[in-house]
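In what follows, a structure is listed as structure tokens, so that the remarks can point back to it.
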Amino acid sequence: MGLKVLSALDTAKTQLYHFKAIIVAGMGLFTDAYDLFCIPLILGLIGRVYYGQDEPKYQIPPGIMSATLAIALLGTAIGQLVFGRLGDRIGRRRVYGIALMIMVLSSLGCGFSICQSRECVLVSLSFFRFLLGVGIGGDYPLSATIMSEFANRRTRGAFIAAVFSMQGFGILAGSTVTMVVCAIFEHVSRSHGHGDASHTVSVDHTPKGVDIAWRLILMLGAVPAALTYYWRMMMPETARYTALVELNVLQAAKDMEKVLDVSISQIAEDDPQPLHQPSYPLFSKQFLRRHGRDLFSCAASWFLIDIVFYSSNLFQYQIYKEYLGDRKKMNAYQDAFNVAKLQAIVAICSTVPGYWFTVYFIDRIGRVKIQQMGFLFMAIVYLAIGIPYYTYWKDNTNAGFMVLYGLTFFFSNFGPNTTTFIVPAELFPARFRSTCHGISGAAGKVGAIIGSVGFLWASHNRKEDGYPKAIGMEISLVILGLVCIMGVLVTTFFTRETMGRSLEENENESENENGN
């Protein structure tokens, strides 16, 4: 029995409301990317302020660097599990505001790491970044679920992809804000420092303002999220949750009457039948028989893509060392400005277009094909830059290398990075939807910890910058390529296509396919 209110949502025309939902749901992902990807720049500035006396100069020791990265990702994984479950237990909307509030407050907290000693700064920064991670993690399953439950059947993939594409703008904003803040601070320190700042060597190239600059950059991350808080609170609960989980069809119809601009007579049931919810609980035998394969395919592909995506994204500057000139001759602002500029160029040329290609094609060629293609091309590119890395690329870091490296970002976003966010929000029944999305995402963040921390330590082929000798860049890149090939296999053998079907059809199909 199809409920009228759900078929009204499935067939609704695209309207202003949908775009408002994209912005409101997307701001969480925007903030998420802003905070996560400006951290390499921030750690560079903190290294300048607090590690100027150590050898190697201005480098945060590797152990501390890894802990700072991993702790935010750990928070994200916990947030995904906890908020995903809560979203199914007490409703998407109620939890949504809480996740956003945590993000706003902990972004501000990151800037208020008030102390002067470096231990205290790093401990308090890590504490607030952990909390920030929890908020961000909560946002993932809720944003995806809310968007998929509001969207219509034909363009659902494009809408969820559009929410996710805000991540690209967040990465761009992180770099842009860093560049603007550094430029302004440098200008001010020059006018106060009698002429050319880089000649005031007595300051050891690290003007006093740097300690304020990095705090300001982190705190500005709270602004976009805070702006959307009001609209988040005004959003009604999704009709699918109200009707299928709370079993209150009339209320669902009332909520959607406001949203869809239709009269209630068109979407209310004529003779309301009492709805029965299937009784099997999460992780029961029956759940695993019906949805186990889907949960495995979502979690495994997300795990694999995040190993690759985070190791590449967080360590762009290691790859670009050759382009950045001698950092020891620059003051802190110029150094951070240059790294941010490179990140912004890569974001504009490859990261952002990748998201929009997905938005355009996802409801035309489907999720599975995009995911297979993305993994496959990433594998090819990683092997192409990995295998001849020391014999060729290391000494010829030319435009060709940059183009290939940029392609890995393009194909992760026009590929698995986006599809792994979409598919879990479409495959599962309404009462497990955000839980299963949270589980898949948390598997991804475990991959992200392995990828980012692992790559940081593994990519050195000799002792440098405080890191021990490890397997080196060549083998590291080849391993990333092999991870992508595993992604192709998981996608091919386990992932089901969800394009063009209503959420309820997807759910019934997985029950029939895996035996009732």
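Keep in mind that glycine also has a Cβ here, set from the backbone N, Cα and C atoms.
Pulled from TrEMBL:
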{"type": "DOMAIN", "residues": "21-499", "note": "domain 'Major facilitator superfamily (MFS) profile'"}
{"type": "TRANSMEM", "residues": "21-43", "note": "transmembrane segment"}
{"type": "TRANSMEM", "residues": "63-83", "note": "transmembrane segment"}
{"type": "TRANSMEM", "residues": "95-114", "note": "transmembrane segment"}
{"type": "TRANSMEM", "residues": "126-147", "note": "transmembrane segment"}
{"type": "TRANSMEM", "residues": "159-186", "note": "transmembrane segment"}
{"type": "TRANSMEM", "residues": "212-231", "note": "transmembrane segment"}
{"type": "TRANSMEM", "residues": "295-320", "note": "transmembrane segment"}
{"type": "TRANSMEM", "residues": "340-362", "note": "transmembrane segment"}
{"type": "TRANSMEM", "residues": "374-393", "note": "transmembrane segment"}
{"type": "TRANSMEM", "residues": "399-423", "note": "transmembrane segment"}
{"type": "TRANSMEM", "residues": "435-458", "note": "transmembrane segment"}
{"type": "TRANSMEM", "residues": "470-494", "note": "transmembrane segment"}
- [ ] Give the one range among 63-83, 159-186, 340-362, 374-393, 470-494 whose Cβ atoms make the most pairs under 8 Å with those of the transmembrane segment (95-114).
- [x] 63-83
Task: Intrachain neighbours beyond the transmembrane segment (21-43), with Cβ under 8 angstroms and 6 or more residues off its ends - done: 60, 65, 68-69, 72, 99-100, 103, 107, 110, 129, 132, 136, 139-140, 142-143, 146-147, 150, 159, 162-171, 173-175, 177-178, 214, 217-218, 221-222, 224-225, 227-228, 231-232, 235, 313-317, 336, 339-340, 343
Task: Range from 63-83, 159-186, 374-393, 399-423, 470-494 with most C-beta pairs under 8 A to the transmembrane segment (340-362) - done: 159-186
Task: Remote residues contacting the transmembrane segment (374-393) - C-beta distance under 8 A, at least 6 residues beyond either end - done: 304-305, 308, 401, 404-405, 407-408, 411-412, 414-417, 419, 461, 472-478, 480-482, 484-485, 487-488, 491
